[in-house]
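Student: According to Swiss-Prot, the feature active site, proton acceptor maps to E189. Look at Swiss-Prot and you will find D53, S54, D92, K120 tagged as 3-methyl-2-oxobutanoate binding site. For D53, D92, E122, the entry in Swiss-Prot reads Mg(2+) binding site, with the evidence type sequence analysis.
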Amino acid sequence: MTYLQEASRNAITVPKLQAMRDAGEKIAMLTCYDASFAALLDRAGVDVLLIGDSLGNVLQGQTTTLPVSLADIAYHTASVARARPAALIVADLPFGTYGTPEDAFRSSVELMRAGAQMVKLEGGEWLADTVRFLVERSIPVCAHVGLTPQSVHAFGGFKVQGKTEAGATQLMRDSLAVQQAGAQLIVMEAIPTLLASDVTKQLRIPTIGIGAGLDCSGQVLVLHDMLGIFPGKRPRFVKDFMHGQPSILAAVEAYVAAVKDGSFPGPEHTF
């Protein structure tokens, strides 16, 4: 089966992402939930595959990511890992699985055993001790700041973050704190472009934007969104790369090319 073939390019590792950032090469990231798509995305040149808790929305039909369990993420991580992609495999820690450093470690071990090479946690300054605890135990960490979907009820909906002076200051503090704690990657979601640019300049680690402007070290989208598979209104930061393309592979290749050459996101995709 094609999804069990060995990857034909050099592996993307955590140090490789840092080298890409330092060299000014943009990082293309997409969500992925199964072996077949893992093989296709890898063939298209995607650098990072994220087993996101967004699977709750796009696979399970949930209205939020909160119902997604650790077992759900582990199952889909194992499915992606079986494709043996060259792309780095990052797995989300779901809501309620990292309340303490010890909880986060136990949850991360399960995902790493399933095939993850890095785990992603939502939170900033308050999460620094947990990030440090994981990194000290050889678990690479991606932090997620800005609009963190697991906090949807605390935010009162899916709203742009960092728009006020206080909010921007806190987001900068959050980003610096998780970097200082040892995070090797950070996702910034739905924040003003200028703020994302400032944070990217202040940090030494790669920043991955989703609705955070062009100046981030890379971009991420939910796979279904960039293929035009979204019920209802299209999110502002999403572009339908499937439109006008002859195949899914061509659409993903177009996404990778647009991220790499800086043509995505455009002003219409940012805040």
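Using the three backbone atoms N, Cα and C, a Cβ is placed for every residue, glycine included.
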Student: Specify the count of other C-beta atoms within 10 Å of the C-beta of D53 (3-methyl-2-oxobutanoate binding site).
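Tutor: Its Cβ shell of radius 10 Å holds 29 other Cβ atoms.
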Student: Among the recorded positions listed here, D92, E189, whose Cβ has the fewest other Cβ atoms inside 10 Å?
Tutor: E189
Student: Apart from D53, D92, E122, which residues in this chain have a Cβ no more than 8 Å from the mean position of the Cβ atoms of those residues at the Mg(2+) site?
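Tutor: Everything else in range on the chain: G52, S54, T65, V68, L93, P94, F95, K120, L121, H144, P149, Q150.
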Student: Taking only the Cα atoms, work out how far D53 (3-methyl-2-oxobutanoate binding site) lies from E122 (Mg(2+) binding site), in Å, as a whole number.
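Tutor: Given the Cα positions, D53 (3-methyl-2-oxobutanoate binding site) is 11 Å from E122 (Mg(2+) binding site).
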Student: Inside 10 Å of the Cβ of S54 (3-methyl-2-oxobutanoate binding site), count up the other Cβ atoms and send me the figure.
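Tutor: Taking all protein chains shown, S54 (3-methyl-2-oxobutanoate binding site) has 21 Cβ neighbours within 10 Å.
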Student: To the nearest whole angstrom, state the Cα distance for the pair E122 (Mg(2+) binding site) and D92 (3-methyl-2-oxobutanoate binding site).
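Tutor: D92 (3-methyl-2-oxobutanoate binding site) has its Cα 9 Å from the Cα of E122 (Mg(2+) binding site).
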